[in-house]
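Everything on this sheet refers to the single structure shown next.
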Ligand code: ATR
């Protein structure tokens, strides 16, 4: 029988996940559909039960449900458990298993550019996204991971957990030249917000600057980093790779990520450049 998958969130109308997964199903001859479902926070438990009753094979979870879904799942993999957040569920019979592919998705997107894991990494921000990325970087073998955050206490807590180094934003600004890879995970720069999380005056030419935001494709952080002659990576790669890892869990097939990055970039009105 035809399988079906979904993404649940609030809001959900602008999600690009249905387009991405439907395209991959078609490219790989998988007989399945993928639909967006608007679920309000108060309806989450009922929605999960309904999805299972109706025979969903798996689904993605986006804001604001990534943490709230935890108590309703039957099992969590190690990453989802460490992060206390789930973005992908596999349903097998009545059993639902939660995964979190965001951090690994980011790291895979980072490796679309030549990357040296001995380089020092700076993560700006210490929220949920930073958390997933910090753990994934450590799993991938990066030695030095510093975490700079507006609220130093949160940077300290995350650094303690992951074996990294906490910094204030001012300290990071000063020492920016020491880092070969700088990852921007705060919401600063999203949509019409023109701000930078910190001054990039001291960034070293040739270092990698990555942002997890993809609306806009070029955030003020990436624009400034490009002016300073850095190699820049926008959030499209993280979006595509977190989806590709989910797709493989559901179907056993590795989809074409390079082509999808081009498709998503052009859907977002940009010209795809892979350096
Ligand atoms: P997410 O799960 O998307 O990472 P979050 O947990 O709300 O979201 O975290 C948002 C991050 O952006 C935090 O690191 C936050 O800093 P604080 O811990 O000090 O709140 C950071 N952030 C948000 N607005 C910011 C701003 N104007 N300047 C600097 N950092 C900001």
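Including glycine, each Cβ sits where the backbone N, Cα and C put it.
Heads up, TrEMBL stuff is auto-annotated, nobody curated it.
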Residue in 61, 181, 212, 245 which TrEMBL records at the NADP(+) site where 78, 125, 126, 127, 128, 129, 149, 150, 151, 152, 153, 154, 235 also bind: 212
Record-annotated shikimate site (TrEMBL): member among 228, 242 besides 15, 16, 17, 62, 87, 102, 214: 242
Cα-nearest neighbour of residue 17 (shikimate binding site) within the listed binding-site residues, 126, 128, 153: 128
Recorded positions near ligand 1 among 16, 17, 66, 128 (Cβ under 6 Å): 128
Candidate with sparsest Cβ neighbourhood (10 Å radius) among 153, 242, the listed binding-site residues: 153
Around the Cβ of residue 78 (NADP(+) binding site), the count of other Cβ atoms that are within 10 Å: 11
